[in-house]
Structures are given as structure tokens and as C-alpha cells.
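Some features that TrEMBL has for this protein:
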type     : residues  : note
TRANSMEM : B:114-132 : transmembrane segment
TRANSMEM : B:144-163 : transmembrane segment
TRANSMEM : B:170-192 : transmembrane segment
TRANSMEM : B:198-218 : transmembrane segment
TRANSMEM : B:239-262 : transmembrane segment
TRANSMEM : B:274-291 : transmembrane segment
TRANSMEM : B:312-331 : transmembrane segment
TRANSMEM : B:337-356 : transmembrane segment
TRANSMEM : B:368-390 : transmembrane segment
TRANSMEM : B:410-428 : transmembrane segment
TRANSMEM : B:440-463 : transmembrane segment
């Protein structure tokens, strides 16, 4: 099972902001983290990640800087800003709404059948 | 497009050195994309290296790891497209004058260029005001400023170009000598303010000196036909930029005059004595610098205009020819008519030159080339009719400097266009290569320069300073 492209794109911003909320990071690490968290089910490409990071930077949700950590390569690190944290909170609120609504709809299979009969009964 | 770093058979990169070579190759590949800037390329390279390291740790050989990592990164086309979606401005705003190109070497170079340009532009603006120290004013000494005007600006543009090309001392010496010759020609003959020769010098000296600028432009490779073609392109773009700067300058002047008059100060003296002359001479240098700075970055404008106007001019000339045949009317040859038809030939030549300059020399002949042939041939027929009429006139009434100059130019342009028409015909019939036409045009450039010098240097004494 692979998550569809639309859903990946829609969840991209909160996911990146959420990862950066744990601490600054760089592109490759972010991509690996997303892979870990989703067991490889989320099909993220570099073409999605880097332009997204640049857009978030343009909107002021993240800041970037080139840093050289001793013993490693020079890397472009991204850090979440206050406005990014606010955006993350807003996105979380929206996603919570969506998720709880979906959960309410998708109870267990028995319930689905029960729910499906109700409107019919109501119409009759 | 295939992914870079595919095995090319030449190297078998087992060790870290081979891997670095592959990274180098990949970096070059990425840097060619306008959508991806240097920092993006570095960021992606870091990503690629992270991926390679992980794959090597998982047991792959370095070259295998590189291939897999590049493959995972996805096609560059797709990657560029995604970057372009976020950074669409990069496809537009590629003319970065100074700084911000995120490439320190380019930054440095463009900053040095900017400084040199400002020095030259300020030099031009100062030099045009220097004669004022000796009591020459723009209002009363028109006979001094008119023929000398080009001498206050073109040497500065030539200096800028020579500096940029690191011209050799021999070339610089020749340029200095030619500018000095121009200064002599403009000032040594005592011409009356209303003499025809003064007007002719005023028109022809800038042309002669422009070819000295051309010498500066091609100074890194004097005999190269390609470089001369570049100079033709440079001329067209420079002209377009100069006109645009002039329009902007007009708006600036209008606002300056208007706003100051609103508070009861009359800036007209300042505008006519300072803003206008200094602005014009500096604008020539700025236009030249702009063309150099934006070269190959933005679509050139002159060829675009050519494409637009070649069909229209062809239609107009053909209509004119048909009208002549239809009404059997002779051309009424006044002096103005000769100049008008000279200018017509110049426009036709310009249309021809700028479509040559933007054409892919290897492309096969197409509809546009036939259209061009029709344009040139109809211009030639019209011009022969005009020449016929004018020679009769001259043999009847004798000649003046104006008529001689106009006639000479007509003959020069006619010769060029006639041979061009022959070459275009050969090209359309696939007998001669396109390069022949290009070589003919670039080889002809010294003829214009030579004629302009003849008019400036020899005409006044020839015609008794009339």
C-alpha cells in the first residue's frame, strides 16, 4: 500500500514542521525520519522536500543556515521559527478535526453497516 | 534526459577518487539548470552524499551506491520542474547586475564591471562639461558640440570595452590614434554653422567612431567573423537599450521640470545644460554595459523586432512596387527622397543583419528566408529606380556634398544588398551555405567605416568647405 500523491502533498507541511519542531535538521535527515515514521509507506521525493523547505523559508516558517558540524560535511540546516510553530499548531488543529471526523465515520465494520441503514430507514 | 553519472566506460570508479569525479560530473550537470542555484546544487549534493554513504554502509560498492543514489534522487528534469514551481522568478529575473548570484567569482567580476562602467559613465558626463570651462555653451556653440558630440561618449565606451577585453597595447594605440583623428576631423576645418559639410560630419563621425568602438569590442579576436557578428548584435541591443533608457530619461526629466516648477523654481537651464547632455553621453556607456552584462541571459530584442517587422516591410515594399507599376508614376526625386531611400536601405539591411545574427547557421532554409529574399529584392528594385532618377538629376545640375554623400551611401548599400540577395538566393536553393552570407556581412563592415571616414576627412576640402 502506498499513500496517494495528493495525500502526501497535503500532509507534507505539517510533517516537516513537526519534525523540525523537535530540533533543527537537514534535508536528508528529514527524509529519512519521514521514512522511518511511515515504515516507507510515504513516498517522498527530493523534488517534493527541497522546494517545500524553500517555500516554508520564504513564508518565514523556517530559517536556514549553512553549518559545519565537526567531523561532518557542511550542511544546510533548517530551524523552525515562531511563526512556523504557530503554523504547526494551526495545521494540527485542522488535521485533528479531519482525523476525528474520519474516525467518527469509520468505526468498526459492523457499525458501518448499521450506519449505512440509517439514512435508508430515514428516507422510507 | 538520462541520469548523470551513468557509467561512461572510461573510468571504473571503485575508490573514493573515482567517486569524487562522479560527484564533480554530477555537479556540473546540475549547475547547468537555471532553476537550480549554487546553494540548491550544494544542498542536493549533500543529500546525494548522505544517500551514498548509507548505501556503502549497507554493503554496496561506491560506484553502485552512486548509481542507486542518483536514481533515487529522481530525474533532474522532474526535480528542476519542482524547483521552478517554487522559484518561478528564477526563470525571469536572471539578469543579476551585481551580487546575489551566489557565486562569489561571478559576483566579484560583475562588481568590478559595475565600478568600471560607473567610472566611464562619470568620465563621459564630466568630459562633456569640460569645454564649458573654456566658455563653450550648448546654446551658442552648436557648431562646436554637434560634430564633437560622439567624441565625448564613444571613447569612454571603447575604454570600458577595451578594459573588459584586456585589449593589447597595439589595439589601444590604434584606437587612440583613430579617436584623435576624429577630433582633428571635427575641429580642424573651419566650417560655417549652416554648411552642409558640418551636418555631414555630425552624422558620419559618430558612425566612424562607432566602428572604433567595434575595434574595442572585437579586440580579443580581431579577425574572427563570429566576433564581428557579436559586434553587430551588440550594436542592435545597445541601440534598443539606449532608446529605452532615453524614454526613461524623458519621464525623469518631465517629472523634474514639473515638480520644481510647482514650487516656483525653473529647472530648464539645469535640464538643458546638465541633465540632458550628461545623461545622453552617460547613457551610451550604460547601454553598452547593460548589453555586456545581460548577454545571453535574456532573449535579445533586436532579432525579435526583426521577426516582427520583416513580413510587414516586405508587404509595404511590394505594395509600393505594385503601385509604381500600376500608376506608371515616376519617383519624384527631391533631395529628401534620396535620403529617405537611403534610410529605407539601411532599414532593410538592418532587418537582414539582425535576422542573420539570431539565426541558427545550421538550420535549413525556410519560409522566413524566402520572405527575406523578397524583401531584399523588392528594396533593390525600388532603389535602382531611385538611382536611375537621381543620376539624371546630378548630371544635369552638378553635385553638392549632401548629394555626393547620399549617393555614395546608396551605392555602398546597394552593392551589399545585391550580393546578399544573390547569397540568400543561393541559400534558399541550397547551393551556398548560410555561413557565406554571414561572412559577407561581417567582412563588409570595414567598408562602412571607410566611407564614414572619407566623408568626415575628405569631403570638406573636396567641396571647398561648402
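Heads up, the Cβ atoms here are built off N, Cα and C, so glycines get one too.
Listed by sequence, the residues of this chain that lie at least six past the ends of the transmembrane segment (B:440-463) yet keep a Cβ under 8 A from its Cβ atoms are 181-182, 185-186, 189, 191, 196-197, 200-201, 204-205, 207-208, 211, 214, 225, 228-229, 231-232, 352-353, 356, 400-401, 404-405, 408-409, 412, 416, 419-420, 423. If you look at the transmembrane segment (B:337-356) against the transmembrane segment (B:198-218), you find fewer than three C-beta pairs under 8 angstroms, all six or more positions apart, and that falls short of contact. In terms of C-beta pairs under 8 Å, the stretch of B:239-262, B:274-291, B:368-390 lying closest in packing to the transmembrane segment (B:312-331) is B:368-390. Simply put, out of B:144-163, B:198-218, B:368-390, B:410-428, B:198-218 has the most Cβ pairs sitting under 8 Å from the transmembrane segment (B:170-192). Counting Cβ pairs under 8 Å to the transmembrane segment (B:410-428), the stretch among B:144-163, B:198-218, B:274-291, B:368-390 with the most such contacts is B:368-390.
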